[in-house]
Amino acid sequence: MTLEDAQQLDEADPLAFARERFQLPESLIYLDGNSLGALPAATQSRVDRLIAGEWRVDLISSWTKHDWIDAPLRIASKLAPIVGAKPNELAIADSTSVCLFKLLSAAVRARPGRRVILAQQGNFPTDTYVAQGLAEMLRLELRLVPADHIGNAIDEQTATVTLSHVDYRSGARADMRAVNDAARAAGALVVWDLSHSAGAIELRLDEAGCDLAVGCGYKYLNGGPGSPAFMFVAERLQDELRPPLQGWFGHSEPFAFEESYRPTSGISRFLTGTPSIIALAALEAGIDTFEGVAMADVEAKSRALLALFIEQVERRCGGEVSLFGPRDLEARGSHVCFAHPDGYAVIQALIARGVVGDFRAPDLMRFGFTPLYTRFEEACRAGDILADILANREWDQPRFRERKKVT
Ligand SMILES: Cc1ncc(COP(=O)(O)O)c(C=O)c1O
């Protein structure tokens, strides 16, 4: 693959138009949208409008005048075509960790007498910590098994299963249908973490028989740093489940100010407290970058970008780096890790050359490909720059070994 070949792929790209929906510094090749999505072009004016045109002018009456009160569900409904769910199965709230706690505990509570939470070994640590805390609190057993053994490990003792759809390191994509079917047959519920899938690949949550899911708003959904997360609760489960983090936003009549909690019906009962309206405005601008975009095109481009980058890196870098995770692109999400013993220093050297990836301990250099804005030309150039840095040992400098707080 030459640079000219890659440029031709960009010219034929049906998603090329979407790049203009973002403000990206032209001096950077940004391959970290799986950690923090790029700034959508509309975000700043959207947030400015909310502050200057709504909050400043209408103050408290904005909750009804500008419909702030329904924002978490209204904006969530725009996610429906992105994740393959019904609009009334989604809510925006809290952080991914908190949403996971809410859904995991609601699921466990709905299966009394079952003692086991089955969770993915090596999942993103926050998922494991949340499950550990819940198991300790409720005196349940937390059983950790590798993602590809989860389906077989589900039994009649399993209350709830939790795993990532796409693994944050290996990029491996779990078989959603198979895990859901195994859980359903055993009477257990599944909570998926979609942080590395939503907005990057095609999802069909309803068709795959999903029960529950959570995911980040700040990665491929471009909601901005610390953006609220999203929850999916299948319609058939909404009135059966009761999240234990009870707050007035999940009450039947919040403004009746009753002494006792009466959960409302539907997805609203999974809300807890007052949402951050400014953060929601930014997230809405992020989700709107998918307007008119077919998720099948997103997935196809993700695969083509990965194919190009992997081929380029393996051809140019020889045996210096090794691909981590599945080679089969259909079994992957939209990022790829290469292992290198000095991966941290290599990533710092790449960043110094304008190629932004990140590092995941112990030795993984991670590169995310965001189909809405990553160009084929960038994937090609990034592979060349990596090869150059390795060939010249450019990474082998004390300044690149200094560990930062965020890697
Ligand atoms: C799979 C996964 N889940 C959750 C999180 C983060 O959760 P939170 O938004 O609560 O910090 C991440 C962050 O990278 C992640 O990769």
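All residue numbers here begin at 1 and follow the chain in the order shown.
Cβ atoms here come from the backbone N, Cα and C positions, even for glycine.
Database features, via TrEMBL:
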BINDING   Thr96, Ser97, Phe124, Pro125, Thr126, Asp127, Asp193, His196, Tyr218, Trp248, Thr274  pyridoxal 5'-phosphate binding site
MOD_RES   Lys219  N6-(pyridoxal phosphate)lysine
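Features recorded in TrEMBL, as mapped to the structure shown.
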{"residue": "Thr96", "record": "pyridoxal 5'-phosphate binding site", "DSSP (3 states)": "helix"}
{"residue": "Phe124", "record": "pyridoxal 5'-phosphate binding site", "DSSP (3 states)": "coil"}
{"residue": "Asp193", "record": "pyridoxal 5'-phosphate binding site", "DSSP (3 states)": "strand"}
{"residue": "Tyr218", "record": "pyridoxal 5'-phosphate binding site", "DSSP (3 states)": "coil"}
{"residue": "Thr274", "record": "pyridoxal 5'-phosphate binding site", "DSSP (3 states)": "coil"}
Original post:
Of Tyr218, Lys219, Thr274, which recorded positions come close to ligand 1, meaning Cβ under 6 Å from one of its atoms?
Top reply: none
Original post:
Which one of these binding-site residues has the most other Cβ atoms within 10 Å of its own Cβ: Thr96, Thr126, Thr274?
Top reply: Thr96
Original post:
In sequence order, which residues at least six apart in the same chain have a CB under 8 Å from the CB of Asp193 (pyridoxal 5'-phosphate binding site)?
Top reply: Thr96, Leu100, Asn123, Phe124, Asp127, Thr162, Leu163, Ser164, His165, Ala213, Val214, Gly215
Subject >> Largest inter-residue Cα distance among Thr96, Ser97, Phe124, Pro125, Thr126, Asp127, Asp193, His196, Tyr218, Trp248, Thr274 [record-listed pyridoxal 5'-phosphate binders, Å] >> reply: 31
**OP:** Can you tell which of Phe124, Tyr218, Lys219 has the least company, meaning the fewest other C-beta atoms within 10 angstroms of its C-beta, among these recorded positions?
**Re:** Phe124
**OP:** Round to a whole number and give the Cα-to-Cα distance in Å for the pair Thr126 (pyridoxal 5'-phosphate binding site) and Lys219 (N6-(pyridoxal phosphate)lysine).
**Re:** 16
**OP:** Compute the C-alpha separation of Thr274 (pyridoxal 5'-phosphate binding site) from Lys219 (N6-(pyridoxal phosphate)lysine), stating it in Å without decimals.
**Re:** 23
